[in-house]
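Feature annotations, reproduced from TrEMBL:
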type	residues	note
BINDING	A:CYS40, A:CYS173, A:CYS186, A:CYS190	[4Fe-4S] cluster binding site
Amino acid sequence: MQLTLGPVLYHWSPERWRDFYYRVADEAPVDTVVVGEAVCSKRTPFKQDHIPGVVERLEAAGKRVLHASLILVSLPRERRQTRELMQAEDAEVEINDLTSLASLAERPFAVGPFVNVYNEAAAGFLAERGAMRICLPPELPLPTVATIAAALPQLAIEVFAFGRLPLAISARCYHARAHKLTKDNCRFVCEQDPDGMPVRTLDGAGFLSVNGVQTLSHGCASLLGDIPALRDAGVASLRLSPQDCDMIAVARLYRDVLDGQVEPGEGERRLSEIYPDVPLANGFLHGAPGHVRMGAGGAGLGEMG
Amino acid sequence: MELICPAGTPASLEAAVEAGADAIYCGFRDETNARNFPGLNFSREELRKGIAFAHRHGVKVLVAINTFARAGSFGLWQSAVDDAAAAGADALILADLATLAYAARRHPAQRLHVSVQAGVANPDAIRFYAESFGARRVVLPRVLSVMEIASIVRESACETEVFVFGGLCVMEEGRCSLSSYATGQSPNMNGVCSPASHVAYSERDGRIQSTLGGFTINSFGKGEPAGYPTLCKGRFATPKGSGYIFEEPVSLDAAVMLPALRDAGVTALKIEGRQRGRAYIAGVVRSFRDILTGLEEGRSARTPSLAALAEGQASTVGAYRKGWR
C-alpha cells in the first residue's frame, strides 16, 4: 500500500508551509503529495509564489505531486482559480468539487475526499471521465470501500487514514465569527490556529475544530489497526492529512506499520506520543459514530471525549 | 415564481394543494430520500394516489430521491427512480451522480432536478449537470447571496430553485458529516440529521442539558425553552468565548427577499419541512401564496406573521444577505 500526504488544510504562514514541504521532500516516506489551497480562496495568494519551488523540490525527490482544487466554489475568483488549475499544463489535479469537471480538459485526474463518491456507480462515472484515483469520503464504512474497490480494480482507491476528519464546509467563516469579524474583513485570524480552533462542549469535552469556513473533528483519524482489513478490501493508498505535529514521524510510523516493522497496537501508542492529547478515532470505517475508536475485531475500545 | 411545498404524508400533500402550492415535493418511505424520519413519507400506492390528486388540481409533484446510494444496494435507488417515473412524477429531485446517470439513461424523457444535496453553487457546476444528465433545474445550496444567485441565473440555461422558509443548513448541504461524527447517522447516507433517536435531555444543577450522541449540544437555565439539539445550532466553548459558534437556533424566513429573488430571475421558491404537520404546511403555504399574489399584482410584498410557524423563536434571511458570512 502507498502513502499520500493530503493538502495542508490549515492556514500556515507561507514560509512555514514552504519549509514543511521541503522537509517532506527530503525526509517523508510518502509516494504522493497533494499541494495547494482547498479550503479558502482568500488564502490562495499566500501560497501561490511558493508552489513552483515546492513542486520542483517534491518531484526531484521522486514524489508524485497532485494539485488540489477548492472544496466550495461560488465566487467569480473561485471559478477562475478552478478553471485555471484545470487547464494548467503539466499539473496533475485532484478535484474536490464537480465544478472542476466542467473545465477539465480530457486528461486523467484524481478525486479528493470532498467529492461525494458513495458507491461503485458514482466511482465508475468518474472513472469513465478520466479519474485514476479516488480518495473516498471519510464517512464511508469498510464494506462500501471494499465494494467500490472491487468493482473498479483499475482505480487506485484511497482512504482518509490520519488527521482530524474534515466534516463540513460553509460560506460562513467561523473563525471570523468567533473573533467578531466577517469573512470579507477576516484579518486572516485563522492563521493563529495552525491546528484549528478547538470547539468543546459546554461541559468541556473535546468535540470539533474550526478551520475558517471548514469544520473538522476534534478526534484524529487513525486506521493503523485497520490496515489488514483495508489491504483485503483492495485499498491502494492511505491518506495522511497534515496536522500541527511531526508529520515526518507520522509518515514513517505508517510506513513501518504497513511494512510489518511495527505492530498496529504499538503504532497507535507511538502515534499518541507524536500527536498528544488528541483522541484517535476510526468509527466511520466500522459504521459507528465517527468519534468512536474500535478495536480490530469490531469491539469498542470506549468512546473518546 | 413557482411555490414548491413539502409533503411528508398524503394528508399534508392535500393540505398544500388546497393552500395554493404550484408543486409538491415528497419522497418514498425509505433511505432514498433526505427526510427519512419515522412515520413519514409515501408508499408506492400513496404516491400514485397523491400524484393523481395533485394533477386533478393542476399541481405538480416532484419526487425527491436525494440521498447517496449505498454501495452494493443501488437497486433500491434504481427502483425508486423507476417507480416515481411510472407513477407520473413531474420531476425527480436527485443528488447522486449514480442516480442521475441512471435516471438520465433509463428515463430520457423524465424531467430531472438537481437536489440541494448535490451542493451545486456556481454556473460551471450547473453546466456540468445540465450537459451530463440533461438536468433542467438546480436547487441552490443555502450558501449564496441574492446577488450571486442573480449572476448564476444570468449565466445558466438551467432553472433555479431556492429555499425561502423552514430549517436552515449553515453548512453546504450534501457536504456535511457533523451528524454522523456524533451519531453514526448522516443526511447523505441515512437521510437524517441530528436524529431524535440519539437525543437526550437531562437536568443538572437546575439546568436542562440537551445531548446528541452523548455530546452536550446546549444547556438551558430556568425559564429558557429547551430547544431541539440540532448539532450546528448548539452552544459550544472556544478559546474566544462560548456561545452559538456556528448559528443560533434560528430558522430561515426569506419572505422579505421575495422581490429581490424575483428580480434575480429565480424560477421557484421552496419551503422546507416534510417533517411538519398539515396545519403548519397549510399556514406557511397560504402565507407565501398571499405574498406572491401581491407581488404579481404589483402590491408591495406584505411581510406575513410567519413567526409563529417558524421552528425557533427567531428567524433569519441567512446567506441571502452577504453580511451573514
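Keep in mind that glycine also has a Cβ here, set from the backbone N, Cα and C atoms.
TrEMBL annotations: computationally assigned, not manually curated.
Using a cut-off of under 8 A between C-beta atoms, the binding-site residues A:CYS40, A:CYS173, A:CYS186, A:CYS190 that neighbour chain B are A:CYS173.
It is A:CYS186, among the binding-site residues A:CYS40, A:CYS173, A:CYS186, A:CYS190, whose Cβ has the fewest other Cβ atoms within 10 Å in the structure shown.
A:CYS40 ([4Fe-4S] cluster binding site) carries neither a helix nor a strand DSSP state and counts as coil. The [4Fe-4S] cluster site, placed at the center of the C-beta atoms of A:CYS40, A:CYS173, A:CYS186, A:CYS190, has further neighbours from the same chain whose C-beta lies within 8 angstroms: A:HIS11, A:LYS42, A:ARG43, A:HIS175, A:ALA176, A:LYS183, A:PHE188, A:VAL189, A:GLY212, A:VAL213. The secondary structure of A:CYS173 ([4Fe-4S] cluster binding site), as reduced to three states from DSSP, is coil rather than helix or strand.
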